[in-house]
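Peer 1: One structure, pasted below without further comment.
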């Protein structure tokens, strides 16, 4: 007998019928002899409906009251799911974030979980009940209702699993697992049976939005085995694990990409200590988040060229900031490009395997794809290329590293 | 400076615009220098929508989970009202029944308030904030969410007022006060400026459904001055007070009536001790509530005739029960009449005034209205008459007791 935390998102509980289907799935897990804690989101569309009501009253709703409002979304779902379970003979009890004591800081609308009093649900589990918990919400020290921000239900589930020392945390979504890359780009993309936490973090932050990145970090920190599955299809999904078994075979887990990137370059600034801070300080003050950063020696050795990428939405802001300070920086020129994408190879195996980078560059060169920027970490290599080469680049790498072929992981 | 508890029902907060209108009214009260605690219901239609969702999943929803579900209705309103107040520069903070510690027993769907921790909102009031509290809901000793049953928000407001020792509890509804009788029956019905608690209880239970009877009882018990006002029009409403001032003038407060009554008679049962119990026991077991009861000596002195009234919906059930036991009771006959109404004169003044009853009977007789049953208490006289005489009877009494004329109370 295992203790399993299952999390169902808004689409999975989007209607009465879907809630009933979730109840059936939970019941099957119970019948396999497991104890089950279910964490649910608001029914899809409900949070947006509530925010619409709030905005009709106050264009910028008071954060504390917005949390009181939108926390009702999950509360509706927990009650309906508990009823659906009882209706099919599966004893259940629902708990709000406040009732189960999901304690957070006081940052309304984007609170972070501090701890959970797992003991509260212990007696229900002992009595053979399924415990249904509202995701996405908590309570601060003063008793105010808080929410974790969009997608926070994944984090709630992982935190519950950590607090209860659950054997597995299962995240049910509308995809059936983590793929080697986006199947819409490369139809031969293959579902991975296993992926490591580090790889998953890189895959998630690079645009494979299967899981909230906070949830993955949380699971890694508290060593909660995490599994991504489909609520609509059967299957084992993808297990996100700690052990790097078979690491000799697992060179590359997959190919992630980020579409909406833009690149900015400051050319010919004096190559002095502190120049990076002088450029990026004002960018950060303008609330622009910077992703890749590359600095190169310029055409003469006294100056340097400084390039970084931002989200495309922030391009105009960032360009304005750079132009305003170009003179002050004694920069020769400020330029930019909005039509770029980032493409990343991810895999813990590359740590112990030389030649991954050169194989990557070769595969891209063979297709005539020019690399505009390169950045590397322990387990990933990212390149910036022209937007028009996205699909071609993904497929070339997928092919080159044999991801569609035999099972690697 | 006074501390005022204001309660707004579902119709008063039925839309974004109406919530904004309530905020304006609350702000005006603040500007008059008063501290304000607002208790609100769910937006009209919302509770029914939620119950509809529940029934789609479970025809008889688990009571505990139904409470978790429908408590979200008021939670939405408190958040929106607090935002609407903040939006017009009136600092406010919302509280659920759980947060403000409205402690109830554990009778889900029909819980009764035990006590309220008034201290929780004290610091907000001191800080100059309006406190917005979810009506209708509370929390039991184990931390489960409970609801008070339909209309319970009035009781929440009165209980808040009692816990905070408020100077007045104002109930805003869609009528502008308590009338001498229903203006739809007698257009000359007059709004009362004052009415005593006892009178209000009789008026409420007899069909003038302005206030929940539990709320009036609560207010009487804890001596909370209660005022009924309109949320849509200006005016002082009706104050429900303790003192029977000017009692010498205040013979009659008003005329109440109950339309949906039915009458059942058991004729010629042996006049023995326990016969009333023998008849009413099985009626009660069939979950039929009995209102008026009259027992008369029958045509011969060894038997008696026993008559009582029930709600018209229960008529068939009650008649069936009586017919089943007629033989066992040795009753000569069982008969009934579904087309009757009850009409009541209410007024604390009748205690000290003789002749009210005879004046009432005379006024009805003058219009040719036959009285089928009579029942009296300290402050009311009720008669049962044929349904067709309802309007005529109400107007005759209204006229006879001069209720439309000069101010009596």
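Cβ atoms are placed via backbone N, Cα and C, with glycine included.
Not my notes, these are from TrEMBL:
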BINDING   A:7, A:8, A:9, A:10, A:173, A:174, A:179, A:184, A:209, A:210  ATP binding site
BINDING   A:47, A:74  substrate binding site
DOMAIN    A:264-339  domain 'ACT'
DOMAIN    A:345-409  domain 'ACT'
Peer 1: If I take the alpha carbons of residue A:7 (ATP binding site) and residue A:74 (substrate binding site), what is the distance between them in whole Å?
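Peer 2: Spelling it out, the Cα of residue A:7 (ATP binding site) and the Cα of residue A:74 (substrate binding site) are 12 Å apart.
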Peer 1: In Å, rounded, how far does the Cα of residue A:173 (ATP binding site) sit from the Cα of residue A:74 (substrate binding site)?
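Peer 2: If we compare the Cα positions of residue A:173 (ATP binding site) and residue A:74 (substrate binding site), the gap is 16 Å.
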Peer 1: In three-state terms from DSSP, label residue A:9 (ATP binding site) for me.
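Peer 2: Assignment for residue A:9 (ATP binding site) reads coil.
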Peer 1: Once the DSSP letters are reduced so that anything not helix or strand counts as coil, what is residue A:173 (ATP binding site)?
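Peer 2: Its secondary structure by DSSP: strand.
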Peer 1: Radius 10 Å, atoms counted are CB only; among the binding-site residues A:74, A:173, which position scores highest?
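Peer 2: Most Cβ neighbours within 10 Å: A:74.
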Peer 1: How many helix, strand and coil residues does the domain 'ACT' (A:345-409) contain under DSSP?
Peer 2: 30 helix, 15 strand, 20 coil
Peer 1: For residue A:7 (ATP binding site), list the number of other Cβ atoms lying within 10 Å of its Cβ atom.
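Peer 2: A count of 29.
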Peer 1: Give me the Cα-Cα distance between residue A:74 (substrate binding site) and residue A:9 (ATP binding site), rounded to a whole Å.
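Peer 2: The Cα atom of residue A:74 (substrate binding site) is 10 Å away from the Cα atom of residue A:9 (ATP binding site).
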Peer 1: Under 8 Å Cβ-Cβ from residue A:9 (ATP binding site), six or more apart in the same chain: what's there?
Peer 2: A:41, A:44, A:153, A:171, A:172, A:173, A:174, A:231
Peer 1: Let me check the 10 A CB neighbour count of residue A:47 (substrate binding site). How many other CB atoms are there?
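Peer 2: So the number of other Cβ atoms within 10 Å of residue A:47 (substrate binding site) is 21.
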